[in-house]
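Encoded as structure tokens, the structure appears first; notes follow it.
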Amino acid sequence: MTVAAPLPRVRTLPPAVAVVLGFGGAAAMALAVAVRAPLATMVLGLIGFGVLHNVLELRYVAGRFGAVLRGPLLGTLLGLVTGIVICRLLGLRVPEIVLAYGVLAAGVGHAASGRWRVLALGGLAVAAAVSLTWPSYHFVVLAHLHNIVPLFFLWEWSRRLGARDRLLFRATQVGWVLVVPALLLAGAFDRVIAAGPSAVAAFAGPPGVIAAPVVPAGLAGMDIGLRFLAVFAFLQTMHYVVWVGFLPRYAPDAAAELEARVPWLTGRRAWALGIGAAMVLGLLLWADYAQGRTIYQALASYHAYLEFPVLLALLFGARSAGTAIGAPQGAPGTALARGVQGA
């Protein structure tokens, strides 16, 4: 089974140290704004980059992993996710959970076989039971998991690098995706996290309502609740850095793959679509934040859920294809600065 499109033959990239410093600088700035103004970071980030990153992420995933998102599987996924969109618009939480696990089950059915399929489906059944028992926690976990997903795509992207550069790059990603949030949750930044009122509350609503989708029930107003909010604000900002900044610049082959199949969606048109839709959503969020967020979350279901079957294909289906996350295709270059070589 082919999971991802072949890596590009040659692509000149900056030195590994420059990439690491870039991610480090972005993470430092994201952390600074997340701890000093978590609510504002969350709200203004959504207004500025929410829709745009949706468009660019879908373009990358559909281009890079077109071998997965096609045929009967794609039709099934679109049907299930469209059902999720309707559930979100109508506020039907339990049916959304059921459909969400349907998406995961479809992904497992496509990617895994034999005992791995049985084990994975059994695990999904247990997880679904937990989610249906505590639905409010399900959606909080889902919100945070979505911000962690870039780690897997960056891990897969780094297969094109030489061994030393790949190790350095991956260590950097693990640092901001896992280590920094762990430190935040452990209270390492409690002295600098701002707990005061935010100016965005004037149009976005009470702070507790804004934070509710990302803070576990019962923890709002507590130190640990504020930590969860800061973690989400930080990871959301870095999420945008990856999808709006890094991958469009350093993985243009993914966009080219999609444009070859959908010629009308060229690079400029994709950006124009994302920016135009962002402006419309921004006005809606400014006028009625709650309603605008509901519409955004509903439409964002496509990019949020379609990435899960791709991840499952990388984790399971790649076992027989030799394209697991981290498995190089062809002979990669020995240094990031020497370019990229693929199969």
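Along the chain as shown, residues are numbered 1 onward.
Here the Cβ of each residue, glycine as well, is placed from N, Cα and C on the backbone.
TrEMBL annotations: computationally assigned, not manually curated.
Feature annotation from TrEMBL assigns transmembrane segment to 16-35 (among others).
For 73-91 (among others), the entry in TrEMBL reads transmembrane segment.
Residues 1, 68, 73, 76-77, 80-81, 83-84, 87, 124, 127-128, 131-132, 142, 305, 308-313, 315-317, 319 of the same chain lie 6+ residues outside the transmembrane segment (98-116) yet bring a C-beta within less than 8 angstroms of a C-beta in it. TrEMBL lists 98-116 (among others) with the feature transmembrane segment.
According to TrEMBL, the transmembrane segment annotation covers 136-155 (among others).
According to TrEMBL, the transmembrane segment annotation covers 167-189 (among others).
Residues or ranges marked as transmembrane segment in TrEMBL: 201-221 (among others). Panel annotation: around the transmembrane segment (201-221), residues 39, 42-43, 136-137, 139-140, 143-144, 228-229, 232, 285-286, 289-290 of the same chain, lying at least six beyond its termini, place a Cβ under 8 Å from a Cβ of the stretch.
The transmembrane segment annotation in TrEMBL covers 228-250 (among others).
Feature annotation from TrEMBL assigns transmembrane segment to 270-287 (among others).
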Residues from the same chain, set at least six apart from the ends of the transmembrane segment (228-250), whose C-beta lies under 8 A from its own:
11, 13, 22-23, 26-27, 30-31, 33-35, 38-39, 41-42, 45-46, 49, 52-53, 56-57, 60, 140, 143-144, 146-148, 150, 153-154, 157, 176-177, 180-181, 184-185, 189, 193, 211, 214-216, 219
